[in-house]
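A.B. asks: This is the structure I have questions about; it appears just below.
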Amino acid sequence: MHPAVSVIFFTVMSGAGFGLIALIGLGMPLPGGLAAAFFIPALAGGLAIAGLVSSTFHLGHPERAWRALSQWRSSWLSREGVMAIVTLVLFGLYTLVWMLGGERILWLGLPVALCAVVTVYTTAMIYAQLKTVPQWHTGLTPACYLVFSLTCGLVLAAGLDGFRSAGPGAAGIAFAAILIAWAFKLAWWARAARSSLDAAGSTMETATGLGAIGAVRLLERPHTGENYLTREMVHVIGRKHAVKLRLIALCVGALVPLLIALAVWFLAASALWLIPAFVALMAGLFVERWLFFAEAEHAVSLYYGGRNA
Amino acid sequence: MTSLPSSTDKALGLVIDLDTCVGCHACVVSCKEWNTGGYGAPLGDLDPYGAEPVGAFLNRIHTFEVSPDDAPASIVHFPKSCLHCADAPCVTVCPTGASYKRSEDGIVLVDEDMCIGCGLCAWACPYGAREMDPVENVMKKCTLCVDRIYNENIPEIDREPACVRTCPAGARHFGDFSDPESDVSRLVAERGGMDLMPEMGTAPVNKYLPPRPKTRPNAAAPAASQGEPAPDGFLGWLDRALERLG
């Protein structure tokens, strides 16, 4: 699949934003005071909104994006739009109460957290629902999106808590969260390796219905040039460097933040060090998300020569 | 509304005969021509005379080689357009309601004024039936020439999809699959019409007729294996005489 920059940016940034919103709502310890009550929600909402705005850049008609809120009964993409808005409105109210009252109210925060988690789930289901992309079509896809979202939120919240010179205890939790998140991703990668179109039962023979006669090979494409389908869904560049890119994602997104978290934890350093860990985690996730799209095989590639397309 | 109708009054669609198709691409051209002037935005092209032309098509012909284990390979020309699936995944993923399946005749259409051009329907389709228009940035797909088949302003003989009307080989047939007595239903029954990628669970309406089995030379008269028959008459005398000359 074509790795559109706007969609990669959207899933990573909004994922982190909604993750932070969820952890704020759950009552994760954070600095007090009016400045914190303003800047921390602004950061969380900013990440989420930056991602959402970016996602409209890949639309052919961004000015009609509001129409996407109408089909929540049947469409995961529509549900995602609705849930994002519901979450942000509730979070806005929660923030207002926090700023005015100076305290975070748990019973207001819990529904915010729940909505944030559901929003990330709906984002993941946009991809996981597609039977045409067997590597995505698994419950592990929303699991990965959720653990990464919450981990990003957790690491960032723990880092921000460093401003009130909190102890290093949160670093231990951040360490565990990063480890668990990447364990999910490794499981996803392991499953993806077994989930080719072939393994899902789709071959050039089933695509053409000619399997009863013999083995099928593409002799000629419909046109000599590329087209929307080949550019969008028969994208093969990603698979060439997949192994190297996975190592980069793991080094930058897992190893670096894990080492930082470990150092903070054992050296009882300032939790502020978790902010660079968060930046590394996000950088790794951009690579991971690029691969999520670039490596995915779409059924339509079978009409364009299959794996040799 | 992007929920699928539980049933449709008719199931209009195409039968494509892979035995008869000669791969001339006439249907591609007539489809492009009709749909550039018909329903919705024109089918756009970018850089049509340049180095990298790209454009939207609702119908494309692929060419495959199929190799039986025990016979020479043969070529199959393979026209592909929207299959107007009964369980169309492209419809339910649409966030705006632009994609819909009509309950009266089962045609899957895009309301281009509602389409935001997100492309998710094209991702949901296993067949590559939907293409984003490079000029209008809305999703284009086969309309089954909805602006021809009910069009009382054109002669009755023309009230079928442009691709069917134009096919010089008679490889394309249009009709109602919900009627078991229709021509298309009978063709499917007689010739073993098949679904593409049935494992995707899309329940396509369009059916493909497989190529008829080829005549196999070695299964017919065993002429080749026994060599040429000995000539008689004058040629036989000449043959023997020349043999004697060494």
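Don't overthink the numbers, they just go from 1 along the chain as shown.
Placed from the backbone N, Cα and C atoms, the Cβ positions cover glycine too.
Unlike curated entries, TrEMBL annotations are predicted automatically.
Pulled from TrEMBL, these are the listed features:
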type: TRANSMEM; residues: A:7-28; note: transmembrane segment
type: TRANSMEM; residues: A:34-60; note: transmembrane segment
type: TRANSMEM; residues: A:81-100; note: transmembrane segment
type: TRANSMEM; residues: A:106-128; note: transmembrane segment
type: TRANSMEM; residues: A:140-160; note: transmembrane segment
type: TRANSMEM; residues: A:166-184; note: transmembrane segment
type: TRANSMEM; residues: A:247-267; note: transmembrane segment
type: TRANSMEM; residues: A:273-292; note: transmembrane segment
A.B. asks: Most CB pairs under 8 Å with the transmembrane segment (A:273-292): which of A:7-28, A:81-100, A:106-128, A:166-184?
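C.D. replies: The stretch with the most contacts is A:7-28.
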A.B. asks: Mind checking which residues reach the transmembrane segment (A:34-60)? Cβ under 8 Å, same chain, six or more beyond either end.
C.D. replies: 4, 6-7, 9-18, 20-21, 24, 84, 87-88, 91-92, 94-95, 98-99, 102, 153, 156, 160, 163
A.B. asks: Six or more residues beyond either end and a Cβ under 8 Å away: which residues meet both conditions relative to the transmembrane segment (A:247-267)?
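C.D. replies: Residues 155, 168, 171-172, 174-175, 178-179, 182, 273-274, 276-278, 280-285, 287-288, 291 contact the transmembrane segment (A:247-267) from elsewhere in the chain.
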A.B. asks: Short question: which residues 6 or more past the ends of the transmembrane segment (A:7-28) have a Cβ under 8 Å from it?
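C.D. replies: Same-chain residues near the transmembrane segment (A:7-28) but 6 or more away: 40-41, 43-52, 54-55, 58, 84, 87, 91, 94, 104, 106, 108-114, 116-117, 119-120, 123, 145, 148-154, 156-158, 161, 278, 282, 285-286, 289-290, 293.
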